[in-house]
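Asks: My questions all concern the structure below.
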There are 2 protein chains.
Amino acid sequence: MSERQEVTRARLLRATLEALGRHGVARTTSREIATAAGVNLQAITYHFGSKDALVAQALVDAVRKWIEPARTALTGIAGDPLGGLFATVAALRAALDEAHEHVPAYLEALATAARDEAVRAPIVAMLAELREALAASIRELRDAGLIASWVEPEPMAALIVAAGDGFVLHTTLDPDAHSPGATLDQVTRLLLAASMRDEPE
Amino acid sequence: MSERQEVTRARLLRATLEALGRHGVARTTSREIATAAGVNLQAITYHFGSKDALVAQALVDAVRKWIEPARTALTGIAGDPLGGLFATVAALRAALDEAHEHVPAYLEALATAARDEAVRAPIVAMLAELREALAASIRELRDAGLIASWVEPEPMAALIVAAGDGFVLHTTLDPDAHSPGATLDQVTRLLLAASMRDEPE
DNA sequence: GTCTATAACTAGATAGAC
DNA sequence: GTCTATCTAGTTATAGAC
């Protein structure tokens, strides 16, 4: 594939993502995408087969931009549980701060995924990867004796990912919904509680 | 407003909600809504002013169906913290089980809310009500000495609502993402940890 | 109040020149 | 490979009969 083709494809994807974030799948037209990308209308059909295929790929890309930084941050924990933990938390916070601008497109992606298998499958796979990376980190922390033995890596990872997702969605829709500092404090308390050796029965 | 009018409006709203859940805002047309509702195409304009206005109202209704049962369940706690707690948990579980069928429309609503103030405002208000109801319950439980004093009602309520929301969204997209029993067990453990009197410092 | 018929418009896809 | 010009089909909104 020629370099010029790659450039055109990238411009189209980028323009699509921006348009989706601005006014959603429903009101994003081929003409607007092509104009914003600075390419011809026909280029969409030529490079992606159809407008729907271009939109589907752009939506999956939107989710990737959202999930990838978080997953990358988690790998910092591997091999150095305690030291990596702080770096990971810092990286996650940075990823979250940046996440809000992608949320509208992310929501479009989720809404489309609920209906369209071609969009759903790759998104579900990415979410699964994120959960697994987090579960591995939790397991390592637990084996190092840093958190309570009753913590089960997989379910706890799923719970944390879901909570983080919901938190960002709600915060984006309503900035007043959460006080970041107060929420962080409560999460920290919960983590401390989970790090106690006591086995509640 | 006549009874006949009410019936037509209700049928239109119901048909719109179903169509939105099936194939999203983007591919829901006035013709399909009118046909499914068994009314005339023109009725949309007559009763709601425009297709967009009808869709907006249907989306807000979708969120209401989602949030209302959860909020109602929480009121059971008032005045009888311990006894109400079990009833509330049972009611919440029932509400969650039923929630999955509404998720596609709920996601459409969130995606639209991210862009459209007329949809966003009522949704944000409903979410805020839900958080407040939960915060009141938490406060009551805390004052009754059933949970640790370090639990702050508002931030903890916001956290729980966000987590529950994310949990249902992820579970709907990928039924294998969470093992309900295992997740519930971890939540229970966390709650038990939060109910300890120990003040972690 | 509800219908039929249609107007006015915009969409995505395509044909064919270059 | 990329453009211009155009086609066909679909959309919402409206006019006017009943």
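Each residue, glycine too, has its Cβ placed from N, Cα and C.
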Asks: Pick from B:29-48, B:49-68, B:89-108, B:129-148: which range does TrEMBL record as DNA-binding region?
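Replies: Feature DNA-binding region in TrEMBL: residues B:29-48.
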Asks: So if I exclude everything within five residues of the ends of the DNA-binding region (B:29-48), which remaining residues of that chain have a CB under 8 angstroms from its CBs? That is, six or more out.
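Replies: Distant Cβ neighbours of the DNA-binding region (B:29-48) are 5, 8-9, 11-12, 14-16, 18-19, 54, 57.
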Asks: Could you put numbers on the helix, strand and coil content of the DNA-binding region (B:29-48), residue by residue per DSSP?
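Replies: Taking each residue of the DNA-binding region (B:29-48) in turn, the totals are 15 helix, 0 strand, 5 coil.
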